[in-house]
Amino acid sequence: MAKHIVAALQIGSCPGSTKDTLKKILSYEKEIKESGAKLVVIPEATLGGYPKGSNFGVYLGYRLQEGREEYAKYLAEAIEIGNGEKYPEISQLCALSKATDASLCVGCIERDGTTLYCTMVYIDPKDGYVGKHRKLMPTAGERLIWGQGDGSTLPVVDTAAGKIGGAICWENMMPLLRYAMYKKGVEIWCAPTVDARPI
């Protein structure tokens with residue numbers, strides 16, 4: 001197997017602004033190009049934001065109005081995922097991938113109707129958006145705001161760096177998920193996570 005450079009773009013979200021966060025990601029174009037990276041992994045929930053410490057106005061037995069307002073803002077910052085002009089954030093990530101000749105694995109908050117998912121998207125320099133993985137089991141309080149993935153989004157993607165796939169945060173501790181990916185031939189494991197503990 002040939003050697004390739006794989007990079008982690010260790011950045012955080014711009015609170016409350018997916019637009020500003022996307023600009024921040026795109027601002028690394030020159031550095032990604034100069035690094036020669038063939039794969040760049042961007043942390044869990046970077047686009048859309050990880051609402052660490054928020055409770056969205058929920059206390060056992062209570063739902064407060066200010067929490068509903070906070071959730072509505074969070075929902076508005078989430079992105080829709082797919083190919084084409086209808087998906088401007090994905091289109092801009094595809095342009096970055098093409099310009100840098102690097103595949104991207106990007107953590108984002110996906111909006112599908114009124115359900116949010118913690119998702120990682122795979123972008124290829126030649127083919128653009130090639131797949132996504134929705135977090136199967138949001139951890140603890142995350143279940144208040146994110147839906148569960150159904151297992152249909154466990155791709156292993158062929159890239160110039162090798163076959164990539166992975167899991168988000170605590171999913172990396174799920175042996176059957178890992179086994180499923182190994183059976184699909186994953187060579188490079190992507191683990192975008194907000195969690196600072198070892199995986």
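Glycine too: its Cβ is placed from the backbone N, Cα and C atoms.
In Swiss-Prot this protein carries:
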- 2-199: domain 'CN hydrolase' (DOMAIN)
- Glu44: active site, proton acceptor (ACT_SITE)
- Lys135: active site, proton donor (ACT_SITE)
- Cys169: active site, nucleophile (ACT_SITE)
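All features noted in Swiss-Prot, drawn onto the structure.
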residue: Glu44; record: active site, proton acceptor; Cβ within 10 Å: 21
residue: Lys135; record: active site, proton donor; Cβ within 10 Å: 25
residue: Cys169; record: active site, nucleophile; Cβ within 10 Å: 23
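Between the residue listed as 'active site, nucleophile' and Glu44 (active site, proton acceptor), the C-alpha separation comes to 7 Å. Secondary structure at the residue listed as 'active site, nucleophile', taken from DSSP and collapsed to helix, strand or coil, is helix. On a Cα basis, Glu44 (active site, proton acceptor) lies 10 Å away from the residue listed as 'active site, proton donor'.
Mean predicted confidence for the domain 'CN hydrolase' (2-199): the pLDDT average there is 94.
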